[in-house]
Amino acid sequence: MFVSRLAASGLLLLALMALSLDGKPVQQWSQGRPPGPPIPRLVVQQWSQGLPPGPPIPRLVVQQWSQGLPPGPPIPPLVVQQWSQGLPPRPKIPPLVVQQWSQGLPPRPKIPPLVVQKWDPPPVSPPLLLQPHESPAGGTTALREELSLGPEAASGPAAAGADGGRSGSKAPAALHRLSKSKGASATSASASRPMRDLRTDGKQARQNWARMVNPDHHAVGGCCCGGGGGGARRLKGLVKKGVAKGCFGLKLDRIGTMSGLGC
């Protein structure tokens, strides 16, 4: 209620102020400075008509502009025909020149086959040759000769002494032949010794491998039985008794025991 009363009183005051000031601002502006002098009619007419027009163009000049510039001299018919036909054609290329361009440049000379054949093939390395001490065949042959000549070499001097009177002429020849064969067999045996040492199927290689695998058993066997043979026999006995077992509890065969291929 109080707010509405304040609003009504404010509106009433505004209405009273408007009634009291009604017509006073308009009269104040109308009573201000006097207006400037009015524009005379002549000036108004001058601005409306614009600048005075220039002198009129005489009729002769008007006709001259309408007709344009005087035409030039007419082109003679010969010149007209020349432009219609265009420029005279150029001289034709002779047939010989046309054929030369169509054929193009002469082909380059081909490389003779002799130059192609001059390329040498790549060098081929010679095959590797085995030395006498690396030849497995020589070592086997030397081993066979040594084994075959062993008893004869042992019994050769004794037999020669016993049968000296009987075969006097044949004994020196036999001794000479025996010495030659012994020398050859010794040379071949010394040459094939590395190959025999590298072979894994020999008795000595098996004994060495057995010593490497089970040094304790071989040490005991060597003391009791004397040598590597006792150790090898000791190992075989242990295998037979079932001491040596595989990875999965199975018995090891001879190859697995000696070479370590059981697992």
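Cβ from N, Cα, C; glycine included.
Check Swiss-Prot against the ranges 152-171, 212-231, 232-251 and you find region 'Disordered' recorded for 152-171. Checked against Swiss-Prot, the residues GLN63, GLN67, GLN81 yield a single entry marked pyrrolidone carboxylic acid: GLN67. Swiss-Prot records pyrrolidone carboxylic acid for one of GLN28, GLN85, GLN204, namely GLN85. Within the set GLN27, GLN49, Swiss-Prot records pyrrolidone carboxylic acid at GLN49.
Of the candidates GLN31, GLN45, Swiss-Prot records pyrrolidone carboxylic acid for GLN31; the remaining residues carry no such annotation there, which does not rule it out for them. Mean pLDDT for the region 'Angiotensin-converting enzyme active site binding' (107-113) in this predicted model: 75.
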